[in-house]
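Engineer: Pulled these features from TrEMBL for this protein:
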{"type": "ACT_SITE", "residues": "B:D187", "note": "active site, proton acceptor"}
{"type": "BINDING", "residues": "B:Q63, B:E138, B:D169, B:G170, B:P194", "note": "S-methyl-5'-thioadenosine binding site"}
{"type": "BINDING", "residues": "B:H94, B:D118, B:D187, B:S188, B:T189, B:E190", "note": "spermidine binding site"}
{"type": "DOMAIN", "residues": "B:34-267", "note": "domain 'PABS'"}
There are 2 protein chains.
Amino acid sequence: MIVSGGELDYPKERFFIPTDMDHRKEQLKFMDMELWYTEKQTPHFGITAKISRTLHHEKTTFQKIDVIETEQFGRMLVLDGMVMITDRDEFVYHEMLTHVGMNTHRSPKRVLVVGGGDGGAIREVLKHPSVEKAVLCEIDGRVIEVSREYFPEIAGALGDSRVEIRVEDGIKHIEAHPGEYDLILVDSTEPVGPAVGLFQKPFYQGIFDALRTGGVMVAQTESPWFNRDLIAQVYRDISDIFPVTRLYTASIPTYPSGLWSFTLGSKGPDPLEVPPERLRVPDTRYYSPELHQALFQLPRFVKELMVQKER
Amino acid sequence: MIVSGGELDYPKERFFIPTDMDHRKEQLKFMDMELWYTEKQTPHFGITAKISRTLHHEKTTFQKIDVIETEQFGRMLVLDGMVMITDRDEFVYHEMLTHVGMNTHRSPKRVLVVGGGDGGAIREVLKHPSVEKAVLCEIDGRVIEVSREYFPEIAGALGDSRVEIRVEDGIKHIEAHPGEYDLILVDSTEPVGPAVGLFQKPFYQGIFDALRTGGVMVAQTESPWFNRDLIAQVYRDISDIFPVTRLYTASIPTYPSGLWSFTLGSKGPDPLEVPPERLRVPDTRYYSPELHQALFQLPRFVKELMVQKER
């Protein structure tokens, strides 16, 4: 638990508070008279970052929200003890969740982001001039408000006139909007708490139905080092439903193992077959057309996760 | 400092010992009555791993050597507080240091590994049937002996009849063997302590001179997130000396940021132009011919580190 308030006022001694989550524990403690935040990313491994300030703490209906300022990665948004975004490396996650799918679709006009209350995915979506409407469907409105306050450069895009914000359950939203979207991005937390359903097959079937002809989905699907069963399961589920399924990865240092996976499902267009001249790249620091084409050549230990059922 | 001995016998309280290195600090401490090892990879960020046993600790003429057993990554070899190899992810580092260069050279017969006392790079080198002689030049003989004892599956290849082990300074070895090698791999620790000279331009000039016609070098060159100036400097230095210079990366979760870079210099062959049928792949878990060809398409924030001097 991260104690709220701008000024730190902890006892100058070992400080350790386990939380109610049993697979991960957050800790805030003094090491050598400095304050450090440790995220146990697995029961046996984690990252630790020096904190200069604690900016925000609250417990909402859905989760705990913390904002801390670290020296290495700038501000960090932490949900239920898991790092969601940081100032320094959020560009990788948001670009890679968004542009691969945007460029796979011929001309995405209506885009849905499920989760992603920080606004980073929406910011990237809006860089594509084809977009007429971008819907953000976030279950926890407080994530949106906290992000607007502490991450204005990320959440600022939420004020764009093309954006519609819906504070509601993504699963229900998708059920209620069949055949409505060209692209759906699943920008979820990890598969605990409110996000569990976002990693299950009925949700992917719902996405399929909510997509128009030629529609594309991309979901964040965790670490190829630590979440191998989950990636393999999601790949199987999506390839059962969509005619085209592709897996790719990106380097995100504050996420478990530093390597993150994304799974793309498509009703038609294949990201491997987009002509180079159609790979639009608006102002990115990670994604590029050359990278798009190289992205699907995966290391062997990742490639072996892509096993489809016999059809 | 990691205390030696097979059985742990620490006081059941917060345990923190800063070392004589000022940019990194090792720590061994109890969290929630478990023993955890923390490596500060930068002054403000690190990884932390649960330890089941401490297997070895010593201080040699050159550095401190520790072997610990972690639940997440198996055994870890730690030099001067920095994780060098672990059972679970060493395959990435060793395959990617070795096979890209081996396959770039038309038929490497004589190979030198500078550093790499654990034997992992030699193990990969020996998978190529063209190799007649593989020289390991490691400055600290104790690294070799400790690796043989605690990492037999990695160091086992050092017993091969094609291997010559030289316990000496790599810089001096290279000076004394002009025009002798087809491939030279720089498998160094990070640029502190005994490895500082292995990141400097005169060393790369020495490597150039120690290579035969068509020779190739590959060096591990740290993290594109945390060591940007170093990567840019090494790239400039190598491209001043070698006609072909290439940068590529790989995912290594126990190394700082989880993303690691390698810089290749070549007197002739270009890794981008190797015909696919010449890309030999002996028994790997990360490297593949398809990956070889995709590897040089880097994320933009990495690509921008490749700046050559005007010629």
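Backbone N, Cα and C define each Cβ position, glycine as well.
Show me how these features fit into the shown structure, please.
Structural biologist: Less than 8 angstroms from the CB of B:D187 (active site, proton acceptor) sit B:L97, B:V113, B:V114, B:G115, B:G116, B:G120, B:A121, B:Q220, each of them six or more residues away in the same chain.
Shown in sequence order, B:C137, B:I139 are the residues of the chain, 6+ apart in sequence, with a C-beta less than 8 angstroms from the C-beta of B:D169 (S-methyl-5'-thioadenosine binding site). Annotation note: B:D169 (S-methyl-5'-thioadenosine binding site) sits in a coil segment as assigned by DSSP.
In the three-state DSSP scheme, B:D187 (active site, proton acceptor) is classed as strand.
Along the domain 'PABS' (B:34-267), the predicted structure has mean pLDDT 96.
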Engineer: What residues, ordered by sequence, lie under 8 A Cβ-to-Cβ from B:H94 (spermidine binding site) and sit at least six positions away in the same chain?
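Structural biologist: For B:H94 (spermidine binding site), the qualifying residues are B:G120, B:A121, B:R123, B:E124, B:I154.
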Engineer: Cα distance, B:S188 (spermidine binding site) to B:P194 (S-methyl-5'-thioadenosine binding site), nearest Å?
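Structural biologist: Rounded to the nearest whole number, the Cα-Cα distance is 9 Å.
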Engineer: Give me the long-range Cβ neighbours of B:D118 (spermidine binding site): same chain, 6+ apart, Cβ under 8 Å, in sequence order.
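Structural biologist: B:L77, B:M84, B:I85, B:E90, B:V143, B:I144, B:S147, B:F151, B:I154, B:A155 - these are the non-local Cβ neighbours of B:D118 (spermidine binding site), listed in sequence order.
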Engineer: Rounded to the nearest Å, what's the C-alpha distance separating B:E190 (spermidine binding site) and B:G170 (S-methyl-5'-thioadenosine binding site)? Just drop the number here, would you?
Structural biologist: 15
Engineer: Once near-sequence residues are set aside, which residues in the chain of B:T189 (spermidine binding site), 6 or more away, have Cβ atoms under 8 Å from its Cβ?
Structural biologist: B:Q63, B:L79, B:D80, B:M82, B:M84, B:G115, B:A195
Engineer: Rounded to an integer, what is the Cα-Cα distance in Å between B:G170 (S-methyl-5'-thioadenosine binding site) and B:S188 (spermidine binding site)?
Structural biologist: 10
